[in-house]
Amino acid sequence: METTILKEMTKGGSKLSVGGGVEDVYGEDCATEDQSITPWTVSIASGYTLLRDPHHNKGLAFTEKERDIHYLRGLLPPAVISQELQEKKLLHTLRQYERPLQKYMALMDLQERNEKLFYKLLINNVEELLPFVYTPTVGEACQKFGSIFRHPQGLYISLKERGKILEVLKNWPKRTIQVIVVTDGERILGLGDLGCQGMGIPVGKLALYTALGGVRPSSCLPVTIDVGTNNEELLKEECYIGLRQKRATGQEYNELLHEFVCAVKQNYGEKVLIQFEDFANHNAFELLARYRSTHLVFNDDIQGTAAVVLAGIDAALKIVRGSLYEHTFLFHGAGEAGTGIAELIALQMSKQNKITLEEARKKIWLIDSKGLVVSERMESLQQFKKPWAHEHEPVKNLADAVKEIKPTVLIGCSGIGKTFTKEVIEAMASFNKNPVIFPLSNPTSQSECTPEEAYTWSKGCAIFASGSPFDPVEYNGKTLVPGQANNAYIFPGFGLGLVISGTIRVHDDMLLAASEALAGQVTEEDIRKGMIYPPISKIRKISAHIAANVAAKAYELGLATHLPQPENLLKFGESCMYSPLYRNYR
Ligand SMILES: O=C([O-])CC(=O)C(=O)O
Ligand SMILES: [Mg+2]
């Protein structure tokens, strides 16, 4: 009974052949997704096993006929209900939970129990539920991962697996993988080193790849590389799930990562995207530099954040006027996000104004823990900060730097909360009609300021976007809606664009293409309301546009391998997107 063959088909009919471009895009087991093109698949589960297979389980939505054919009689109560009703019931239950972590756990349980229902719920209620599967709740989940851990998700690769990573990859039940999100847990959001418990991040990011970007869940692989942790508290904690040792560094670290990157390419081919997530600065920059010309790698914290912020600034320019080059940027934080965003802004300025990158960089200033990044500090600066060391007297703190540099745009990405003080915001508002204020650090606890603070201290004039979500604010009888400049707007569509075009390398121009597509989705009406990002509820459409623009750029650059190029990339991208609707089994 266990090996009974189960076939799925759409309501429309029982075509047995598979056709269309999706097969090329998705490879061998593509037939499980797009219902209009690929109506059937074969699975080996039935009966009790079927109910416990999250990819195929429908719970009470199994029809009478399916219950007969697939040995489910007696294993379910008699009622048959629709997926819509299941969704409604679950949403009601979720709303009863008071604590965000309870909602997170309930959602993770659902993902493990009934994948389609999880994604239907998330897609249809993205605005409400995103904060619970993602920032900020995912941060708390990582902090408490050891005690809330129920079932393993994703692949754990630790120093114990050295020399055996290829074998470990083969233990994963799926053979066709298109997107991997990997962390080593050293800099989880703005929460620091959470070691092996960082797994919540790749799991959460990949849930967004599917819900927001339409990449199939079965082709997503979350990975945590465990080289130890320097978090003393975790090392002492009874429930800690990772290796109980200090972080390996240097050669030992590099060799493990190299083995991983090579094993991925060997096992899944060169079109699999490796997204680095929440690595500490030094490793993040080095890994990207080392593998960007030989592998399909993307660093979300450097490149994804850059693209989303540039899009927000593009839209903000419709309110504050002037070109990018006419503005002055000050970053509080000179790590991955800070230098990543700065570099992409400079690249865009240099293209728009036909100037050199060096010239463009002069409009951008960075502050790190030692103060303004200036040429006098050149010797001691880390490599990735050196291009930003301009001629200037040393300045020790943010408030003084704001008064000296007089930026029009202030961006926070230091991971340290509450640094945009009243003094800082008031200074910004004193020389800008509409100061652009982006406190990007995550989660909410690490945000440089709240929208309420930014609006109050700027007397309602700030153009605001934060990394973590905040509720709208009432100011002087007006409702002001804070934007969320989170890379979640970019990476799902960006990844989809790479997948549908079979791209083999990430190029900076693709980041600009993604950014332009996102800015292009901001309507006149959004701008009138002071919104510089489109509503997240439209994210599937936004992702399709980003994917189409990224894929078009990949074809233009000769980096796409799925040939010939589809005539309408937007339509093609949309047709490839995962559907969370149940299918009929026969
Ligand atoms: O996960 C998020 O919300 C954004 C991000 O990449 C980070 O803060 O590291
Ligand atoms: Mg991140």
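Glycine residues also receive a Cβ, built from the backbone N, Cα and C atoms like all the rest.
Using a 10 Å radius centred on the Cβ of Y134 (active site, proton donor) and all shown protein chains, the other Cβ atoms total 26. The active site, proton donor feature in TrEMBL is assigned to Y134.
Other Cβ atoms within 10 Å of the Cβ of K205 (active site, proton acceptor), summed over all protein chains shown, number 28. Sequence annotations record features per position, and here TrEMBL assigns active site, proton acceptor to K205.
On its own chain, N442 ((S)-malate binding site) has T135, P136, G139, L189, G190, G467, S468, N486 as residues at least 6 apart in sequence with a Cβ closer than 8 Å to its own Cβ. Annotated (S)-malate binding site per TrEMBL: R187, N442, N486, in sequence order.
For 111-292, the entry in TrEMBL reads domain 'Malic enzyme N-terminal'.
The annotation domain 'Malic enzyme NAD-binding' is assigned in TrEMBL to 302-555.
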For R187 ((S)-malate binding site), what is the tally of other C-beta atoms lying within 10 angstroms of its C-beta?
23
Length of the line joining the Cα atoms of K205 (active site, proton acceptor) and R187 ((S)-malate binding site), in Å:
15
